[in-house]
Amino acid sequence: MFILLYTLLLFHHPYAMAQNTHCQMMGDPKYPQFSKDGDIIIGGLFAIRSVETLSSFEFKQKPQLLSCSSVNLRDFRMAQTMTFAIEEINRSETLLPNVSIGYKIYDTCGSRLSSMSATMSVMNGQEFAEEDRCNGETPIHAILGETESSATVILSRTTGPFKIPVISHSATCECLSNRKNHPSFFRTIASDYHQSRALAYIVKHFGWSWVGAVNTDNDYGNNGMAIFLNTAQQEGICVEYSVKFYRTETEKLKKVVDVIKQGSAKVIVAFLTSLEMEILLEQFSIQNITGLQMIGVEGWITAKSLITPNSFGVLGGSLGFAVRKIDIEGFSDYAIKAFWDTAVPCSERDGHFSQYALNCSIYQDLLVLKNYNEDVPEQRFSSNVYKSVYAVAYSLHNLLKCKEHEGCEKGLAVQPQQMVEALKKVNFTVKFGDRVWFDSSGAAVAQYEVVNWQQDSDGSIQFKAVGYYDASLPPDQRFVLNTENIIWAGGQLQKPRSVCSETCPPGTRKAGQKGRPVCCYDCIPCADGEISNETDSNNCMQCPGEFWSNAERNKCVLKTVEFLSFTEVMGIVLVFFSLFGVGITVLVTVLFYSKKDTPIVKANNSELSFLLLFSLILCFLCSLTFIGRPTEWSCMLRHTAFGITFVLCISCVLGKTIVVLMAFKATLPGSNVMKWFGPVQQRLSVLAFTLIQVLICVLWLTISPPFPIKNMNLYKEKIIFECNLGSTVGFSAVLCYIGLLALMCFILAFLARKLPDNFNEAKFITFSMLIFCAVWITFIPSYVSSPGKFTVAVEIFAILASSFGLLFCIFAPKCYIILLKPEQNTK
């Protein structure tokens, strides 16, 4: 308990001392560049000069004040715009009618050190309350500034704890949208969130997938580039390199230039301020780096300071986003006359000026601009300063409960926090038509012009508007470009290409290169049966079952349907030999019929010979059923016709073989064997053997008949139209039965080969059966291994070969005797 009381007393003691402490200025005061007294004071921070000179720090004497030089025309015009807007409001009878606005405008020299000094000066002022005691209140109701984002971050963080509203006209860093860190910050320009995304959109719009990126190494550049890189990744844009530097980092700048020089990207996204761009431009000119398409931001794309005799060779054709150019009525005349009469004490002896006006030496470099206003129409940020002043005025108008004829309640004390809340609600339209209001992050709506660096006929460089970006419009109308009016890098009329890899044509797919961004790839042809019908396809599509890829791999076409047809060479040859066999068999039949009464025809049952010739004709003809487009009927017919006709043929040969054996047995004394195998029995045996095969075929067709199928497994690129056996068992049974009969015939003929006779037909039957068996034994492996239509050709070949073997082996010797040796044709 005692420790707690002691702690409270310890903290209370310095506070009590502070209450009674007299206020005194520590160090030399920093006076405003321009000032004017009024009921309400608005502070302004502008980099009126851009070069800061530091005094030596030898710790031998008190450091002198920082000195600034080199007038920054753009920020000087902004300071003039602020005074112009204030003077305009002071003359107004409707806005703050009986309240005068004063101002204190400080020069920040474009440096963070001077910016911090100016911030403290504008917050504190030099006035004290009675008895020189601090009253704890700031004399400033709002601060306008700064120009750069990094300096504005310092300003906002410094003023934030005191709730002093800060309104920037050109600080675009997205980091300032964080209301937790910057609760009292506002801006009359859009956040870089929109500009950074728009940069990615413009790159994608022109088909550039391979870009380089460079940014200023500060809050403005780093945050803006981070948003661009994220959006670029989402849009499929690859960044070859992303480098950064700050204006004072000479060694880092050299490395950045080397990276850009060695890179292959022809498009560079430069998220830089005008000062960094000047330095980079100088290095580009020294090293003769040209031909790069620069994509810029509002920070430098319309900066007049970049226009030099050699700059168009580097920056010619640059594209970028700029704040809209707005003409403020009356400002051009004010800039060369009224401003110098009211704001600069050296221009007029008599006048009511602030007590802080210094001697005229601080205005000497500015007086050179007294009669110059040619740049005024090109100033793009001045309108934002104008809006900022009016935003403060309208907020005060509401807080002071101003009425048009009654005036404002001057006695009301306006606290900084009240100003912050009033700014959040402000909504008005300025005289040039723009509506002013702040969104939840304290920013204005994003509205940009797309400008293009072009050169007129007289050699002067102009920033030509070629499109716009307006975030207030619907998504499909926000971004508009007129590409016909664009001049490209180096003043060229043809759009540059910037890709890591060329576009993959239809018929190929992209294959990423290992260790490189996704935009770097090789074009791999699609595999057989796959296609891609668009450029830069990531994958090839598999063609449907009955389709196949064409030669270019960009279209699926119907697969070629293959079957053994009558019109192809192989089919024609097989048809020829089939009909040739039929013709020879018919001729033999005619010959035998004409010589039917001769002994050689009569021998060994002429009836079986004619039946055998008929069955051979059917065998030759059945091969034709295997040729042509398979149908349900042709599939059933070809195998059953083959099986039945061959069994009929072999049955006849078997009958003739049995007749030979029986005939020789009948010649033995006391033998009557021929009566058991006479003509009737021979016919019945042929019929019986054939009926068995017919029964097998009927069962086969009933249970699982053959049917046509499209075989898509044998070949990928074509369809084999063939007959499926239906039942392999049925087909095997047909072949086995034929083989069984042929084997029986061969064995019997072999046993009868040495029987004595002038003409022993058993020898020729044996030889014919050897050929028959040899053909069909070799047929089985050939049939299994032959692909597609060749399977059918092998089967036809086996039919024809075995048929010709039977025809020639059995009937050729007889025809030889009939035609050439008629003297042997005796009983």
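Glycine is treated like the rest: Cβ placed from N, Cα and C.
Listed features, source TrEMBL:
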- 1-18: signal peptide (SIGNAL)
- 569-594: transmembrane segment (TRANSMEM)
- 570-827: domain 'G-protein coupled receptors family 3 profile' (DOMAIN)
- 606-628: transmembrane segment (TRANSMEM)
- 640-664: transmembrane segment (TRANSMEM)
- 684-703: transmembrane segment (TRANSMEM)
- 731-752: transmembrane segment (TRANSMEM)
- 764-784: transmembrane segment (TRANSMEM)
- 796-819: transmembrane segment (TRANSMEM)
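In this chain, the transmembrane segment (640-664) touches the transmembrane segment (796-819); three or more CB pairs sit within less than 8 A of each other, excluding pairs fewer than 6 residues apart. Sequence-distant contacts of the transmembrane segment (764-784) (same chain, six or more residues past either end, CB-CB distance under 8 Å): 650, 653, 656-657, 660, 735, 738-739, 742-743, 745-746, 749-750, 753, 791, 794-795, 798, 801-802, 805-806, 809-810, 813.
With a threshold of 8 Å between CB atoms, the same-chain residues lying at least 6 positions outside the transmembrane segment (569-594) that come near it are 601, 606, 609-610, 613-614, 616-617, 619-621, 623-624, 627, 789, 793, 796-797, 800, 803-804, 807, 811, 814-815, 818-819.
Long-range contacts of the transmembrane segment (731-752) within the same chain, counting only residues at least 6 positions beyond its ends with a Cβ under 8 Å from a Cβ of the stretch, are 639, 642-643, 646-647, 650-651, 653-654, 657-658, 660-661, 664, 689, 692-693, 696-697, 700, 725, 760, 762-763, 765-766, 769-770, 772-773, 776. When pLDDT values are averaged over the domain 'G-protein coupled receptors family 3 profile' (570-827), the model yields 82.
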